[in-house]
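TrEMBL lists T31, A138, S178 with the feature L-threonine binding site. Sequence annotations record features per position, and here TrEMBL assigns ATP binding site to R54, N58, H63, R118, S140, S148, R192, Y229. Taken from TrEMBL, the feature domain 'YrdC-like' covers 9-196.
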Amino acid sequence: MTRRLAADSAGIAQAADILRGGGLVAFGTETVYGLGADATNAHAVARIFAAKQRPAFNPLISHFPDAASAFVHAHADARARRLAQRFWPGPLTLVLPRTADCAICDLAGAGLPSVAVRVPAGDVARALLAAAGVPVAAPSANPSGGVSPSRAEHVLDGLEGRIDAVLDSGPCAVGVESTIVDLTGPHPVLLRPGGIPIEALREICPDITLPHDSSDARPAAPGRLSSHYAPTLPVRLGAVSVAPDEALLAFGPELPGSSLTWNLSPGEKLEEAAARLFAGLRFLDMEGRRRGLRAIAVQPVPTHGLGAAIADRLSRAACPRT
Ligand code: TXA
Ligand code: MG
C-alpha cells in the first residue's frame, strides 16, 4: 500500500520517519516529484532501483536542506560555492568530488568518485529533508524511461503499491528537472540542461562547456539513456502540419486539424511551457490512446532559456525505443 500524505507538519514528520526507517517516499520538488530514500542506506537505495526498474549503473542525485549539509559529503571549491550561493535552493545539481566524510553509499553514486548534490526549492521539500536529517537520494518518481511526474497523481499512476508513501505538495512549479553541472574537471561542464538556463549559469561560470560544442573529452554523463521521458505513442517533432489521427502538443498559435490538443503555452512563455510539458505528454498519450490516435505531433519550441531543457526532453521522448 502506498500512503498519500498531506504536506502538513504531521505528514512531513511521517514521511521523514519512513525515510529514516529505510522506506521510499515520493515528494514534490520545484522541478518534478522525486522518489526519495536514505542515500546512506544501500538497502533503501536498492529499493529505488527495484521500484523504478531502473538500470543500476545510473547514479542518483542526493538532496539536502541547505548547502552546508550538502558540502559535508561533496567537496565544494570556489566555483561550487558561488553557484550554490546564487542558485540554491533551486533547480541546479552539482557533480563534485566526494569528501573524506562522504556517507552517500556507493550504490547511490554508482561507484563513481563523484557525487551529485542539490538543494531543492520548496518549503515542503526542504522541511522534509531537514526532518529526515540524512542525504536523500531521489531520481524522478516514475518507472524508468517513462515521463517524469509533476503531480502526486502521476507518481501513483506509475508506482502505486511499489513505494511506501507520496507526500503531496501539489503541482511542481518548474516542471523540468534540474540543470546538472559537472565541476570535477578544470572547466564546468553542462551534463543536462534543466530548470536553470545556461545563460544564467554563464554569468557565474563564463567558461562552462556545452554538451555539443566542445572538442574536449567530455566526462560521461552516466544514465543519460537516449530514449527517456517516453510516452507509449510515438512522438513526432517539428510538426508544421498535423494529421487527423495525431494528437497535437502545441506552443503558441495551434496548427489546425487535430481533434486532441494540449497547448504548452498559448502566449509562447517558456516557463509556462516547461511547467506544463510532462503533464501534457501524459495527457496526450493517455487520451490519444483511448481515442485510437497514432502519434503525438509536436510544434517547434524556441531553444533559448528553459527552451533548451524542453528541447532535450522532447528529443528523448521522440527517440526510437531500444
Ligand atoms: O530535478 C531533478 O534533478 C530531479 C528531482 C527529483 O530532484 N531528479 C532527477 O534525478 O532528475 P534523475 O535520477 O532522474 O537524474 C539524475 C541524473 C542522471 O542523468 C545521472 O546520470 C546524473 O544525474 N548523475 C548523478 N550522479 C552523477 C555523477 N556522479 N556524475 C555524473 N552524472 C551524475
Ligand atoms: Mg528521470
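Quick reminder: no glycine exception, Cβ is built from N, Cα and C everywhere.
TrEMBL feature annotations superimposed on the structure.
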residue: R54; record: ATP binding site; DSSP class: coil
residue: H63; record: ATP binding site; DSSP class: strand
residue: R118; record: ATP binding site; DSSP class: strand
residue: A138; record: L-threonine binding site; DSSP class: coil
residue: S148; record: ATP binding site; DSSP class: coil
residue: S178; record: L-threonine binding site; DSSP class: coil
residue: R192; record: ATP binding site; DSSP class: strand
residue: Y229; record: ATP binding site; DSSP class: coil
Given that the record lists R54, N58, H63, R118, S140, S148, R192, Y229 as binding ATP, what is the largest C-alpha to C-alpha distance among them, in Å?
22
Binding-site residues near H63 (ATP binding site) (Cα-Cα within 10 Å), from T31, A138, S178:
A138
Cβ under 6 Å from an atom of ligand 2: which of these binding-site residues qualify? The list is T31, R54, H63, S178, R192.
none
Is any of the binding-site residues N58, S140, Y229 within 10 Å of T31 (L-threonine binding site) (Cα-Cα), and if so, which, in sequence order?
S140
Across the domain 'YrdC-like' (9-196), what does the pLDDT come to on average, as a whole number?
96
Tell me the Cα distance separating A138 (L-threonine binding site) from R192 (ATP binding site), rounded to the nearest angstrom.
16
Around ligand 1, within a Cβ distance of under 6 Å, which of the binding-site residues T31, A138, S140, S148, S178 show up?
T31, A138, S140, S178
Highest Cβ count within 10 Å among the binding-site residues T31, S148: which residue is it?
T31
Separation of alpha carbons, A138 (L-threonine binding site) and N58 (ATP binding site) (Å):
12
List of residues, in chain order, with Cβ under 8 A from that of R118 (ATP binding site) and at least 6 apart:
I61, S62, H63, F64, A70, W88, P91, L92, T93, L94, S178
Which one of these binding-site residues has the most other Cβ atoms within 10 Å of its own Cβ: R54, H63, R192?
H63
